[in-house]
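J.: This is the structure, below, for whatever I ask next.
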Amino acid sequence: MDETMDGGSFKEDSRLSFARIEPVSIEVRNLSVSARTDGFTGRFKRAKKSDLEKNDESVKTILYDTSFDLPESSLMAIIGGSGSGKTTLLNVLADRTSNGSSLIKKGDILFNGSSLANVRNAYVIQQDILSPNLTCRETLIYATELRLPDSTTHAERMALVEEVILELGLKDCASTIVGDSTHKGLSGGEKRRLSIGIQLLSNPSMLFLDEPTTGLDAHSAFLLIKTLKNLAKRGRTIIISIHQPRSDIFFLFDQLCILSKGRTVYSHTVDNVLLYFQQFGFSVPDSVNPADYLIDITAVDVRTFQSEEEGMERLLKFTKDWKDYSIKLLTNDTPKSSNKDKKISIKKAPFWRELSILIKRTHVLTIRDTASLFSLIIESIFMGIICGWVYYKPGDDIAGIRTITGAMYSSCALQGYLMLLFETFRLCHTDIKVFDREHTDHCVSPLGFLLSRRIAKLFTEDVVVTIFYSSITYFMYGLKKNASNFFIYWLIVFLTHLTSMTGAMFAVSISRNYATASLVANLNYTLQSFACGFFANARTMPVYIRWTKYIAYLWYSFGATMVNQFKGYEGDCPYDNDASCSSYKGETILKEYGFGRSHWTTVCIFVVLGWSFGFYITAGVLLHFKKVDISLSKQVKEAPVSREEDTTSTKTAATEDYKTIDVTLNDIYLSVKLKKNEKIILNSINASFKAGKLNAIMGPSGSGKSSLLNLVSGRLSSDLINKYNSSGQITFNNLLVNSKMLSKVSSYVSQDDDHLLDTLSVRETLQMAANLRLRNMTAIERRQIVDEVIGKLGLRGCANTLVGSEFIKGISGGEKRRVSIGIQLLSNPQIMFLDEPTSGLDSFTASTILEILQKLADEGKTIIMTIHQPRSDLFTKFGQVLLLSKGGCVGYNGPQSEIARYFGDLGYPCPRLTNSADHILDLISINSQSIEKEDESKSRIQNLLNNWKTQPKETVSQVERITDEQFDVQFEAYIRRPCGFTVALVECTKQLTISTVRNKAIINAKLGNPMGLGIVVALFMAPLKKNYVGIQNRLGAIQQTTALYFCGMLNNLTSYPPQRDYFYHEHNDRVYGTLPFFLSYILVEIPFDIFASLLVACFFGPIIGLPRTVEMYFALAYCAMMTLMCGESLGIITNTLFTEPGFAVNAVSVILSIGTFMAGIMSLHMNSFLKGVNYMSPLKYMMVILLNMGFPDDLEFSCDSTTMDSSGNCIMGNGKEVLESYGLKQKYTSYFGVLLCVTVIYRGIAYILLRLKMLKIDIGVFRSAQV
């Protein structure tokens, strides 16, 4: 290869000063991999069949028999088309499959003659799992401290961090936070390099990288592979899977493995690969990237059945030829390390350094996560004030005693429950993912993770939150004015908080899926709340369940607060004799709840503390032994596709009598306001994009490519965090338009594919998109178009495979990319924006995508895309090229055919056999590997920018203004209008139904949470007795129905967020409006709520013994359904308002908790204002209905001497007297209608907020277009 201006050829000097490591060679013999797709149940059924009945339908072969040798100090690349098995081979070699995996491995893999366990190794996964609130440098520093042993000094470790930053080109962003979807930070390419840097710090002998160049521009990818080559030269053995290696990258590899459809086509040296294929008549043409050519000839083109058959025939011949050829290459005397019998010592950071570093990192992350920290503190203050207000100094009568008992329960249970939900969500969202990655890398232990988390958050969260809450509530409740009593109260609240946090960790250690983890946490809380003795008297529980109070930490904490308050207590008794006043004495109250022991407080404190340790110990064991595994998604059964020859023309919704649209940008400027200054993203962009051509926006990472695309397409809007400012003009054929007009005639393919629903198959996703976008066609025509798109995009092999998620293995990342593109191809827009359409795709698939886009351009469409690494033959297909540098400045804008001559005239000719696109990107990119190279590249770039500014500009024609009405008339044929309400409602309902039914986590949450509540109620309370204790149990049972409020919220958290994201994407595409989505969500939700309500009513009514009447049963079911729907409505509201999930969970949980203890039973002394506020809560009406129906006038209760008045009559002898004693007797029939109205109002507010959310905030761009 010829050398480029930055040193296109490899240089021997390596800048990474790693310690000497033991070289590793690899032998692979007869390795094959298959996967079971039937799950545990299917395997069990098959195991019962006879051998004759068994078949291999449930086993899918992923990787066919392969063998190869890899010498030490080699850099090996695994290439192949999408779905060829690259990642599978890499994972098997790296031993990244757990024992419980569905994968079946056969064959031998030896590293220096032994297993991988004896080799220091590292693995870089495709996903960038990083802490969003750390800077780039901090991430590397913490990673270094966690990975390197004591044999290295602190100064050496810090020097290594700086060298990695320079080597990976991270200098410019070293002090930038990583960021996430909410907070802008590193670009995708910068995150990729940071992930690689983390693994390099462990000084591995064996390094595995899965698609390390995905998301990187060509120059960054080249520098990255050069770094890996340097490491290999220094003794490391490196294996990477890669999609599109540029030509100069290709010849940096020592070894090459080519896969296609799981079959090995070649696996030997790069030097020999071209000669090998030449003997079969396949010679690489001049000016063609060898990697692209090799992938093209070995890939199977599945766009038509004929091409698929020809490709498979060719592939099988390649496979046979290689198998015959490789026999003479494979020997048993592969060079081994001189110390092959010596077990390599794999050292890591000592535990105490690990613990101290994790504490420091967790502390920094806690402080910087201002949203979560702020919400926790505000929650504790707000809940403290509200609780104190609701239970404010209730007095010493019988209702006051009941109220203060409710206050003690709220302090222990409800506040702890809020923390339980919040911590569970926070762990599932980010923290446990980072731990899983680091634990897999053997640099963080479960013990270090668990201890550091609680130590770091002890004073930043645990102590602060509980002190605020305890200080406010203790004095507002009017509890004993004694310092020791206050300290005990705070200590109990603190320990309960701590146990909730550790309980959340236990739930997450069982499942990383929030739906499942929250179900575990919720069932645990339900058990705790019943066993604690507040709702169901502990002394009268059924004997088979009474023992549970001893394993319920809430029983101990509730008991400790009760003893702390009521020991020595004397209430205001209205009677004269002591026997009648016993119910007002603290000893009697404690005895009734089973807390009569003098040493109870001390015992409780230590038991609750023990439970917090117990949860953590169990979580640690589960985290250590329970490996995170991804199951293989099942195939969706579909009708067989006809094997008739594919059609070549696609019917579209647009008219054939089209009018081309040239898009021109004039002086486009974009900036974002930061805390202290303003950051310029795009600086005076002038560009033209021609119809009938492929228009490419190119530039290094951070040059503003995606920002320009989002701005022009109308996808960029300000929010509470990011305040954008923009100016400039955009014209259609010299007609001045705004972004709103542009969005009417354009479609947009985003860079990520997160909006795709994991429970739909590829065909279903495209078919539903077609039903919404091509509504004027017949069903048969729409299906034909979907089949054609599937064929053209090479998706036929995975058409019936579910998209999948992080927990269910579905289609590959490249296949997801093609599905996203396919959705937009269906609508056949006049202008199409694509953000990195070939990112993550192999060269063959990328070529296929661009061929399809070229056909659209040939039809007169305007295609505008950003692109990182176009292969040489694809680059020549571009019509116009806009080249951007970092800072959003234009380096070139004009025809692709002129770009090489332009830079050649400036003294930068493209070297022979070098991709001109790579050469140009190298010119415009900053090389930060050293100060000298950085200064040199910055000077070059500035000269290029200055030179472009001096170029003569095209004469700008007179721009005409146009109104929205005129635009609609002139471009009527191209305007994409939302589909009709009925069609949208039907399709949305169908999609939501399929997604919900297939998602077991959602079904478990929607049915499991209410049913779990009912089962626990039945276990603890059935049958309800008709004595004085039975009165308290009945009140407790009715109060427990308020837990359905939380169940509704949890149901929403498991199902609404992914559907919301999908709706946002469809709404931005102008496919359908808010109302169809909202109504379809309700239609799918209602059947589950009805079934769950009928189910839970069985437990609360006939089973436990609330009046066993038809009226009571349906009243229970009705109230349960309304409460579930109100909980869902609050979930919709908070998840619509807040994008930060932790904040959303905390916000909605606070609202639900307030409604719960204001419902009418726990606090009987609220002031008039709070009573007025309570009318907005559905729980108030539910309580009135259920209390008055649950305590009918004719329901009689027995009593003993302690519960009789001076006349010998029961203090509360029937249902009417019970309700009158507590002030709960009311007329309730009208409340059925009021409850329905409140439910409708809640859902109406949720709809209004969702509508408001979809109104874009104008950022000031193209306002000059308005007349």
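From the backbone N, Cα and C atoms, a Cβ is placed for every residue, glycine too.
Caution: TrEMBL annotation is automatic and unverified by curators.
Keep in mind it's a predicted model, so treat the numbers as computed, not measured.
The domain 'ABC transporter' annotation in TrEMBL covers 47-286, 663-911. Annotation source TrEMBL lists transmembrane segment at 371-392, 404-422, 455-475, 487-508, 514-538, 600-625, 1078-1101, 1113-1137, 1143-1161, 1173-1191, 1228-1250.
Describe the structural context of each listed feature in the structure shown, including burial, neighbouring residues and relevant distances.
T.: For the domain 'ABC transporter' (663-911), the mean pLDDT of the prediction comes to 82.
If one looks beyond the transmembrane segment (371-392) by at least 6 residues along the same chain, the residues whose Cβ comes under 8 Å of a Cβ in the stretch are 403-404, 406-407, 410-411, 415, 418, 422, 426, 460-461, 464-466, 468-473, 475-478, 1140, 1142-1143, 1146-1147, 1150, 1153-1154, 1157-1158, 1163, 1165-1167, 1170.
For the transmembrane segment (404-422), the list of distant contacts is 376, 379-380, 383, 387, 391, 394, 465, 469-470, 473, 477, 479, 489, 492-493, 496-497, 499-501, 503-504, 518, 521, 525, 528-529, 532, 534, 554, 557-558, 561-562, 565, 589, 1046, 1142, 1145-1146, 1149-1150, 1153, 1156-1157, 1161-1163: same-chain residues at least six beyond its ends, Cβ to Cβ under 8 Å.
Long-range neighbours of the transmembrane segment (1113-1137) within the same chain, counting only residues 6 or more positions beyond its ends whose Cβ lies under 8 Å from a Cβ of the stretch, are 1010, 1041-1042, 1044-1053, 1056-1057, 1060, 1085-1086, 1089-1090, 1092-1094, 1096-1098, 1100-1102, 1106, 1144-1145, 1147-1148, 1151-1152, 1178-1179, 1182, 1185-1186, 1189, 1232, 1235-1236, 1238-1239, 1242-1243, 1245-1246, 1249-1250, 1253.
For the transmembrane segment (1173-1191), the residues of the chain that approach it from at least six positions outside its boundaries are 1034-1035, 1037-1039, 1041-1042, 1045, 1106-1107, 1111-1112, 1115-1116, 1119, 1122-1123, 1126, 1155-1156, 1158-1161, 1166, 1215-1216, 1218-1219, 1224-1228, 1231-1232, 1234-1235, 1238-1239, 1242, judged by C-beta separation under 8 angstroms.
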J.: With CB pairs under 8 Å as the measure, which of the listed stretches 455-475, 514-538, 600-625 comes out on top against the transmembrane segment (487-508)?
T.: 600-625
J.: Can you work out which residues elsewhere in the same chain, 6+ from the ends of the transmembrane segment (600-625), have a Cβ less than 8 Å from its Cβ atoms?
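T.: Residues packing against the transmembrane segment (600-625) from afar: 435, 439, 445-447, 449-450, 454, 488, 491-492, 495-496, 498-499, 501-503, 505-506, 508-510, 553, 556-557, 559-560, 563-564.
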J.: In terms of Cβ proximity under 8 Å, which residues at least six beyond the ends of the transmembrane segment (1228-1250) contact it?
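T.: Same-chain residues near the transmembrane segment (1228-1250) but 6 or more away: 1074-1075, 1078, 1082, 1115, 1118-1119, 1122, 1125-1126, 1129-1130, 1132-1133, 1136-1137, 1176-1178, 1181-1182, 1184-1185, 1188-1189.
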